[in-house]
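**Q** Got a structure for you, questions after.
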Amino acid sequence: MPDADELNDADVYRIRGVPGAGKTTEILQRTEELLDDEYELTDFRWISFTNSHARDLVTDLCGGDGPFTPDDFDAVAERVTTLHSLVKSLNGVNGDDIVTGGGDDDTIREFFTDRGIRFQPAGDPLRKAEEDESREMSEGEKLLAIDQWLMQHGDAIEASLVELTPEWIDEAPVDTTYAGSEVAAILAEYRAWKDEQGIYEHHDYICEYATKLHEEPEYARWPDCSVLFIDEFQDYAPAEYLILREWMDADQYDLAVIAGDENQSIYSFKGAKPWLFDETPADVENIRRQSYRCPKAVTRVARGILPESGITSALDDEGVAREKSLWTDVEAAELALSLLDRHDADDGGDVYLLARTNRHAKSIARALRKQGVPFSGIGTKFAPAYADPEETHPWTDRWIAVAELLRGMAAGTDVLNYEDAYQLIDAAVASDRRWEQCDAEYAGPPADVEDAPDVPIWTAFPGCSDITDIAQKLETGGWRKKMVLTAAESPDVDIREAAENIKIGTIHAAKGRQAPAVVTFAGYPANLAEKWWDDDEFRAEERRLYYVAATRASEELVIAREFFDGRQMPLFRDGLPHSASNSPNTQHAD
């Protein structure tokens, strides 16, 4: 590792490291060294790619190994931000002026419907296009995806946005019924309309600020710091990269510390290019090839997926890497529960179930829901499309508690303490009337009540003979009634533990996270399989993507086969890929 003197002499210091190599730890160490060199908290800006990673970084900076204390948490949090959040502030954009095409946005809908263009938003349009679900997208969504791609794409730092020309539009990874010239005309009108309305999509203020920095830097506001720490550097699109490079090259900053791994560059659909990190000029570099997260069995598979990574394990543990055939929903649920049992949830033993696409992730969620196995999502809503749009997750604390109470009633519980009774009655329709019917008086919310009497709970549900009847009285959609009832009727499942520790999502959503047990589903959409064989750049990125999936595992990696009908990911067609060196003791379980 370069010493402090080398760091002091550098303008740009690059940390290049495999997953789990300690890149964040080194950021903490470098921060502490600079504090010892008489820098102060207000001299620093830490920039991360995602909100979740920014939150984690604040916790690390103020944790046991960090240079700050828990008392500094709020002050540190003000200095840690995503690039988008920082640029939005520097560019003077109000959060109320931000619109997105991924939700039920009436403002954007108005533009398209006024022009006779169908617009039915359902998630990030560019992400949907990347997953090759463009055939299901409305024309308005496709046009938004093309506009996002054009705005985020570009040629390194030479341009902050790509021109609205048919030639560039044809490069966008989205098929539309409109000719390139028609798309150019619609999007030009759309951009002008947003200007008139005074509204922004996220890429708009990024490109506006990038252009200002590049062409009129004297009129731009700059980050208020002396040292920039930029993490996950490989994930930024060209317009974002332009901003970072302008900052890094400015004389007003003493040092820029950039951390990343070109082998984890998996956002090409947003314009990210692995070589941007690789070729960024740096005065000093620290290369970290050993993972302190992944055991040997996992790093062998990771090297088999992506040999150029050179990843090895710094751990003595062998760990586990294995295949498992899952033919039914029951087998998928049993695997999740067995992994949860084997990896202690009390010690943060999450189980990740990762899929290539949102559609596949939702299929896994449905399978577990049918089997009464609760779960949480990684960056995905996992509530049916017809659910209340305010529902961010199916298993909130409220519904966990309701399922646990119903399970107790099925086992013979007739009387609940006031707080538990309140939770169940409050979750049912006509809760006021139920208090009038039951043999206990309503005394107000539990927080305002002392020494309230117990409640004979069945009297609050007259006419109900079992928990199936009570489930039908819950004030929620039919899908959740069934979900809660099925979990309540599954006595071998710890409802709260499963809801908090079994996590389902896409590989993209899991980036930057880790878990003791990771199941990567090998199912692969046919249209992506065709691209795998036809497109070298796509194939290279897919290898990086599954390398990221494998390296989320800190103890056990399972490649789940056969769960999805159709194609399997070509990497796993002949079994687990593994490095020829350090011959693995791979386990097979079918």
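Placed from the backbone N, Cα and C atoms, the Cβ positions cover glycine too.
TrEMBL entries are annotated by machine, without manual review.
Note that the structure is a prediction, hence the values are computed from the model and not measured.
Pulled from TrEMBL, these are the listed features:
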type    : residues                                               : note
BINDING : Gly17, Val18, Pro19, Gly20, Ala21, Gly22, Lys23, Thr24 : ATP binding site
DOMAIN  : 1-313                                                  : domain 'UvrD-like helicase ATP-binding'
**Q** Based on Cβ atoms within 10 Å, give me the single least packed residue among the binding-site residues Gly17, Pro19, Gly20, Gly22.
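**A** Result for the binding-site residues Gly17, Pro19, Gly20, Gly22: minimum number of other Cβ atoms within 10 Å at Gly22.
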**Q** Based on Cβ atoms within 10 Å, give me the single least packed residue among the binding-site residues Val18, Ala21.
**A** Ala21
**Q** By the DSSP assignment reduced to helix, strand and coil, which category contains Thr24 (ATP binding site)?
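**A** Helix, per DSSP.
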**Q** Near Lys23 (ATP binding site), which residues of its chain come within a Cβ-Cβ distance under 8 Å, counting only those 6 or more away in sequence?
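**A** Same-chain residues close to Lys23 (ATP binding site) (Cβ under 8 Å, separated by 6 or more) are Ile15, Gly17, Asp231, Ala259, Gly260, Asp261, Arg288.
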**Q** In this predicted model, what is the average pLDDT of the domain 'UvrD-like helicase ATP-binding' (1-313)?
**A** 87
**Q** Using the CB centroid of Gly17, Val18, Pro19, Gly20, Ala21, Gly22, Lys23, Thr24 as the ATP site centre, which other residues of the same chain sit with their CB within 8 A?
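**A** Other same-chain residues near the ATP site: Thr25, Asp261, Arg288, Ser291, Tyr292, Arg293.
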**Q** Once the DSSP letters are reduced so that anything not helix or strand counts as coil, what is Gly17 (ATP binding site)?
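**A** For Gly17 (ATP binding site) - judged by DSSP and reduced to three states - the answer is strand.
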**Q** Around Thr24 (ATP binding site), how many other C-beta atoms are within 10 angstroms of its C-beta?
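**A** That number is 22.
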